[in-house]
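Peer 1: Here you go, one structure.
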Amino acid sequence: MSGFGGRGVDEKGFLRWLLGELGVEEDDVAYVDGLVVKVDGAAASTSRLPFQTWADFGWRNVAAAYSDVRVKFAEARLLLASVTAPDLGTAAEVVQGVREASQFFSLAYVGGDLNEGRDVVVDVVLVGWARARVGRAPRPGDVLVTIPQFGYTSLAYRFWQMGGAVVERGVEALKRPKPLWPLPPAECVTAAMDSSDGLGDVLWSMARGVDIVVKELPAPREVLEFAAERGLDVGEIVFNGGEEFLPVFAVRRDCPVESPYVSFAEVVPGEGRVWWRGEELKWRGWAYFRGWG
């Protein structure tokens with residue numbers, strides 16, 4: 001670890017440093033000889049929600065990896081999973097969720113590993129075919145499009161015990177995420193990311209060498225009304241959610257934006273900043289070893 005200045009660095013800063021050391025492009029997937037490879041994982045002590053079963057937790061980790069592959073226009077085919085658990089009963093429940101997710105997403109579950117430990121940890125590897133190489137650096141003049149369903153998970157984190165239709169939509173999305181959204185025309189897309197650590201994280205990650213100006217909040221009316229009725233900051237709700245597993249695509253301005261997608265931001269020349277309502281966006285999403293920013 002020589003040369004790594006770890007003080008004050010979070011998960012994303014560490015990974016950026018590591019990829020630089022390895023000479024690998026910073027992205028959410030790896031491209032190797034026409035293949036796409038993705039690894040993703042989580043520990044229950046930091047990532048399992050109180051309303052998730054162990055099977056839900058297994059499913060969630062498959063969905064997280066699948067979302068990163070799908071947003072890159074790649075076709076995931078094979079799945080391997082490593083599970084750590086304190087007992088075989090818990091491990092079996094997690095594996096059941098992994099199996100159910102593999103069937104739902106049409107993945108061949110071909111193997112994995114099992115370990116004993118105090119925490120429950122799930123690591124998923126997906127391998128598939130890469131149709132094209134899609135990075136996450138948009139160009140000036142592009143517009144950002146997404147499916148306007150942000151905010152539900154934010155409300156679920158805060159109000160899951162309260163219930164209600166709006167909150168329940170977020171709870172269900174967090175228990176068994178299903179990132180099977182349609183893809184826009186590939187020839188129109190210049191960059192892509194999915195929102196797992198919050199929309200703010202996506203925007204700051206894409207704003208490298210360019211500025212991003214948010215024009216509209218990509219959230220449904222019922223989410224905005226729910227937040228307003230309770231005096232919540234709608235920016236916090238929309239930008240600092242997480243685990244939406246919704247796609248954000250940078251597309252050429254001359255391409256049509258068709259349902260279920262909406263245009264919500266513009267890419268302009270700049271120095272890597274994100275703007276909302278004339279001010280620099282203060283929300284940066286989630287990162288391990290830092291928390292919400």
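We number each residue from 1, going along the chain as drawn.
Keep in mind that glycine also has a Cβ here, set from the backbone N, Cα and C atoms.
Okay, these came from Swiss-Prot:
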type: BINDING; residues: Glu25, Asp68; note: Mg(2+) 4 binding site
type: BINDING; residues: Glu25, Asp68, Asp194; note: Mg(2+) 3 binding site
type: BINDING; residues: Val39, Asp40, Asp113; note: Mg(2+) 1 binding site
type: BINDING; residues: Asp40, Asp68; note: Mg(2+) 2 binding site
type: BINDING; residues: Gly112, Asp113, Arg136, Ser196; note: ATP binding site
type: BINDING; residues: Asp197; note: Mg(2+) 5 binding site
type: BINDING; residues: Glu243, Trp286; note: substrate binding site
Peer 1: Starting from the Cβ centroid of Val39, Asp40, Asp113, which together make up the recorded Mg(2+) 1 site, report each further residue of the same chain whose Cβ lies within 8 Å of that point, ordered by sequence.
Peer 2: Gly41, Ala65, Leu80, Ala81, Ser82, Val122, Asp123, Val124, Val125
Peer 1: Using DSSP and collapsing to three states, where does Asp68 (Mg(2+) 4 binding site) fall: helix, strand or coil?
Peer 2: helix
Peer 1: Fill in the CA-CA distance, Arg136 (ATP binding site) to Glu25 (Mg(2+) 4 binding site), as an integer in Å.
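Peer 2: Spelling it out, the Cα of Arg136 (ATP binding site) and the Cα of Glu25 (Mg(2+) 4 binding site) are 10 Å apart.
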Peer 1: When the Cα-Cα distance from Gly112 (ATP binding site) is computed for each of the binding-site residues Glu25, Asp68, Asp194, Asp197, Glu243, which gives the smallest value?
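Peer 2: Comparing Cα positions, the closest of these binding-site residues turns out to be Asp68.
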Peer 1: How many Å separate the two farthest-apart Cα atoms among the ATP-binding residues Gly112, Asp113, Arg136, Ser196?
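Peer 2: Answer in Å: the longest Cα-Cα distance is 32.
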Peer 1: Using only C-alpha positions, which one of Asp113, Asp194, Ser196, Asp197 is spatially nearest Asp68 (Mg(2+) 4 binding site)? These are the binding-site residues in the record.
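Peer 2: Checked the binding-site residues Asp113, Asp194, Ser196, Asp197; minimum Cα distance to Asp68 (Mg(2+) 4 binding site) goes to Asp194.
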Peer 1: In whole Å, note down how far the CA of Ser196 (ATP binding site) lies from the CA of Val39 (Mg(2+) 1 binding site).
Peer 2: 14
Peer 1: Looking at the binding-site residues listed here (Glu25, Asp40, Asp113, Glu243), whose Cα lies nearest to that of Asp197 (Mg(2+) 5 binding site)?
Peer 2: Glu243
Peer 1: Rank the binding-site residues Asp40, Asp113, Asp194, Glu243 by the number of other Cβ atoms within 10 Å of each Cβ, and give the residue at the low end.
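Peer 2: Least crowded of the binding-site residues Asp40, Asp113, Asp194, Glu243, by Cβ count within 10 Å, is Asp113.
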Peer 1: Measuring Cα to Cα, how far is Glu25 (Mg(2+) 4 binding site) from Asp40 (Mg(2+) 1 binding site) in Å?
Peer 2: 17
Peer 1: My understanding is the cutoff is Cβ-Cβ under 8 Å with a sequence separation of 6 or more in the same chain; which residues meet that for Ser196 (ATP binding site)?
Peer 2: Ala64, Ser67, Asp68, Gly242, Glu243, Glu244, Phe245
Peer 1: Which residue among the binding-site residues Glu25, Asp68, Asp197 has the fewest other Cβ atoms within 10 Å of its Cβ, if you could check?
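Peer 2: Taking Glu25, Asp68, Asp197 as the binding-site residues, the minimal 10 Å Cβ count falls on Glu25.
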Peer 1: Just to be sure I understand the packing, how many Cβ atoms besides its own are within 10 Å of the Cβ of Gly112 (ATP binding site)?
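Peer 2: So the number of other Cβ atoms within 10 Å of Gly112 (ATP binding site) is 16.
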Peer 1: Just to verify a number: CA distance, Asp113 (Mg(2+) 1 binding site) to Asp194 (Mg(2+) 3 binding site), in angstrom, no decimals.
Peer 2: 27
